[in-house]
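Chemist: Below you will find the structure I want to go over with you.
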There are 2 protein chains.
Amino acid sequence: MTSKEQIIPARNRPLIFNAFEMTGVGYYAHGTWTHPRSHREGFTDLSFWLDRARQFEEGLFDAVFFADVLGVYDIYRRSPDPAIRSAVDFPLLDPVTVIPAMAAVTRHLGFAVTVSTTYEHPFAHARRFASLDHLTGGRIGWNVVTSYLPNAARNFGLSEMPGHAVRYARAEEFLEVSYKLWEGSWLDDAVLYDKDNTVYADPAKVRRIDHHGQLFDVQGPSLVPPSRQRTPVIYQAGASERGRAFAGRHAEAVFVNGTNPGALTAAITAIRDAAEAAGRRRDDLRVVTDLSVVIGRTEEEARRKADLVRRSQSVEGALAGFGGASGIDLSTASGKERLSPAPGEHSQSEAARFTREKQTPDRVDDVVRRLTDLSPYSETLIGTPAQIADGISRIADTTGVDGFNLHEFVTPDDFTEFIESVVPILQRRGLYRTAYEPGSHRHRLLGAGDRVADTHPAAAFREVSA
Amino acid sequence: MTSKEQIIPARNRPLIFNAFEMTGVGYYAHGTWTHPRSHREGFTDLSFWLDRARQFEEGLFDAVFFADVLGVYDIYRRSPDPAIRSAVDFPLLDPVTVIPAMAAVTRHLGFAVTVSTTYEHPFAHARRFASLDHLTGGRIGWNVVTSYLPNAARNFGLSEMPGHAVRYARAEEFLEVSYKLWEGSWLDDAVLYDKDNTVYADPAKVRRIDHHGQLFDVQGPSLVPPSRQRTPVIYQAGASERGRAFAGRHAEAVFVNGTNPGALTAAITAIRDAAEAAGRRRDDLRVVTDLSVVIGRTEEEARRKADLVRRSQSVEGALAGFGGASGIDLSTASGKERLSPAPGEHSQSEAARFTREKQTPDRVDDVVRRLTDLSPYSETLIGTPAQIADGISRIADTTGVDGFNLHEFVTPDDFTEFIESVVPILQRRGLYRTAYEPGSHRHRLLGAGDRVADTHPAAAFREVSA
């Protein structure tokens with residue numbers, strides 16, 4: 001063991017590593033699909049997703065995380081054209097449709113997928129996710145979002161985006177209905193499958209939920225028998241005050257971000273405080289942050305590769321993405337103007353974090369320069385495999401973050417290189433699993449059972465046999 | 001060639017054979033999951049569906065057809081208990097979730113899946129099916145239904161089932177929105193994937209749909225680039241007058257039923273008349289009917305097997321199923337009472353057809369006896385493989401039906417036996433394909449292109465480059 005490795009404190013568990021994905025051409029860093037070595041053109045083919053699934057499982061990733069949006073970014077230049085041209089989070093297949101196929105060629109990989117509570121109905125959604133939990137053998141997670149795009153609202157018949165408070169009130173009741181269907185409708189011992197007496201399930205143990213709330217009336221029973229996890233692992237990315245309270249109450253894995261350790265540490269503390277305020281334990285949830293890497297055999301090679309990535313990024317794409325996520329149109333702002341933090345509607349977006357983290361408003365030209373740097377919203381590590389591993393250790397040690405959502409600039413090379421060169425180093429340091437432990441996604445993530453913890457709000461809706 | 005085979009007239013194409021499925025324990029004939037040789041207990045496992053997919057493709061079936069309902073049958077005895085106990089179309093996973101996995105282990109098999117226009121939103125639905133069309137390589141079909149179950153309505157916040165006319169008006173506009181998203185939002189040559197100039201798609205060729213109708217306002221553009229078929233193959237089962245007009249206008253494959261050739265022939269003629277009345281050609285659609293088989297090496301063995309199937313059926317299940325599909329609670333009717341045809345809300349259901357086909361209302365005890373016979377709603381052929389093949393030929397010749405939705409009593413034996421013993425006979429007679437011809441589901445079904453015919457209403461929303 002080198003002296004460098006000795007300074008890494010022992011952890012009681014490996015870090016979490018998820019692969020970040022989107023079901024389209026574009027990706028986290030806008031424009032990098034144009035990189036000469038990037039291959040995302042096959043995203044409409046099943047084989048693309050089967051290959052990704054196999055790669056992620058070979059890499060022993062905890063899960064693949066699918067981000068999603070339900071509209072096109074049309075703030076920058078008041079037009080969708082820049083986003084369409086540069087493929088900024090557009091196009092996007094329905095991410096739910098790739099998961100069953102990816103599950104068919106893997107055994108352990110988890111699946112965390114973004115679905116908005118603003119546009120789905122909880123009965124259909126709860127059925128879909130209960131089905132996915134069965135078919136994946138307890139490997140499904142749900143990233144709960146409330147959506148923020150005006151175009152998404154107009155795709156679903158709303159003339160404007162519902163306000164932040166309205167969306168979160170709907171999300172709360174949506175989750176309550178879902179929990180009732182997942183946890184409370186079928187008792188654990190309801191299914192008998194008794195051929196001799198023609199009793200599939202004991203009707204006394206399959207119950208209507210009879211939910212009558214402010215927004216939803218749902219009778220039930222759930223159409224799906226209990227799955228391994230029942231409630232999928234709940235992911236959330238609550239950056240606003242309201243979002244953080246929501247995440248503190250419901251989330252089992254939370255995305256927080258920050259381009260400096262201080263902001264990240266503060267965000268992690270705030271989210272654990274929120275969990276505690278909601279009557280949960282501080283370690284009832286895991287906190288992960290976004291991370292990009294550029295790996296070279298030498299520092300020099302890594303820097304050259306980073307330059308190539310930088311050149312593949314799209315300025316127009318970055319501005320379109322910032323506009324969509326922040327609501328701010330930089331095409332009409334002059335360079336020396338100062339930028340205010342984004343309005344409340346966008347407060348959970350990365351662009352909002354980007355502006356909020358600054359103590360004082362930025363000048364527009366600073367923002368534009370920053371946006372066109374490598375991965376402006378999250379940390380990017382550039383270096384040799386050992387340097388990347390050191391950087392990962394450092395972030396974990398200095399912030400207490402539980403793990404990372406790993407991004408690519410170049411598909412699929414970045415993950416391949418990470419798996420081949422960085423993972424072995426992290427494994428030697430005890431920071432990365434060396435094999436999948438058996439169990440559900442929740443079990444692996446939280447180190448406890450397959451079902452939600454007793455402190456989780458879903459547990460309140462459990463029904464048990466007398 | 002035997003003299004018996006000589007009487008079969010030459011057809012210009014093989015018959016259509018779909019495998020009927022439901023994502024649950026129960027199935028078409030209620031209670032047969034209790035048959036000693038039936039194995040549907042694995043329906044929550046992905047491996048069950050992968051095995052089915054491989055079997056269906058080995059059998060050269062055109063497609064697997066997934067029926068679906070969104071609630072539990074609670075008419076009989078005014079309770080869901082009989083349906084829960086006997087597993088009558090309950091439980092049911094979301095059928096969409098098994099398709100991508102089944103697509104991953106097949107290359108040719110089509111997928112026709114039931115989705116109700118009453119409870120989904122067209123933007124989310126159109127995106128989901130465009131994604132499925134991509135991932136399956138143009139193998140997706142959509143069975144359009146408007147739902148008829150009161151419990152389904154109460155699962156989605158409606159105190160009662162919307163009326164027939166309201167549901168069909170919604171279905172019409174739902175389809176219009178979907179067609180605009182599938183056919184009209186992206187031009188064929190919109191996608192450039194030009195890395196050098198950072199142009200994924202030409203913004204001038206990706207268009208908002210700006211739909212403003214009675215029920216839906218949808219801006220667009222579609223989030224999904226054009227797939228092989230664009231619009232999925234439209235399936236429908238319109239038995240009511242309104243349903244038949246709807247099917248005549250939109251459907252490319254129609255389910256009609258009848259337990260006697262006269263009723264079936266009349267229904268087929270009526271549906272082709274409806275297509276013609278809608279400005280389409282009489283052969284712009286294919287008509288298929290339900291069929292069950294019990295196959296023995298001898299007639300005697302087939303009869304013994306049929307008796308065993310009959311004993312595995314559930315009387316309570318049959319009454320629960322009839323109640324759900326017809327709205328008629330036979331628990332409170334006396335044996336000598338006469339049964340009126342079902343009210344309009346249920347007019348597209350099988351139970352409604354069952355009562356409507358009778359010239360005079362049945363006595364309740366006749367109905368009950370009939371319901372507990374083998375497969376009361378459709379034809380069941382019992383005999384040796386040659387006799388089954390003869391029966392299939394006879395139905396096709398006397399009614400002009402284009403093909404069959406094949407049902408099992410015993411999973412997976414019935415399909416295995418059909419594929420091993422009946423298919424070769426049908427192949428020798430030119431009534432069954434001997435290999436998959438390449439192409440999309442639509443191409444194989446209709447013998448034309450991948451896209452909807454010019455006479456189809458979706459074609460009106462095509463956009464072409466200037």
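Including glycine, each Cβ sits where the backbone N, Cα and C put it.
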Chemist: Among B:Asp68, B:Asp74, B:Asp283, B:Asp284, which is the one TrEMBL gives for the FMN site where B:Thr114, B:His164, B:Tyr168, B:Ser240 also bind?
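Modeler: Matched candidate out of B:Asp68, B:Asp74, B:Asp283, B:Asp284, per TrEMBL for FMN with B:Thr114, B:His164, B:Tyr168, B:Ser240: B:Asp68.
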Chemist: Would you measure the largest Cα separation among B:Asp68, B:Thr114, B:His164, B:Tyr168, B:Ser240 for the FMN site and round it to whole Å?
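Modeler: Answer in Å: the longest Cα-Cα distance is 19.
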Chemist: Within 10 angstroms of the C-beta of B:Ser240 (FMN binding site), what count of other C-beta atoms is obtained when all protein chains are considered?
Modeler: 20
Chemist: Around the Cβ of B:Tyr168 (FMN binding site), how many other Cβ atoms lie within 10 Å? Please give the count over every shown protein chain.
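Modeler: Taking every protein chain into account, the count is 21.
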Chemist: Would you mind giving the whole-number mean pLDDT across the domain 'Luciferase-like' (B:42-400)?
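Modeler: The answer is 91, the mean pLDDT of the model over that range.
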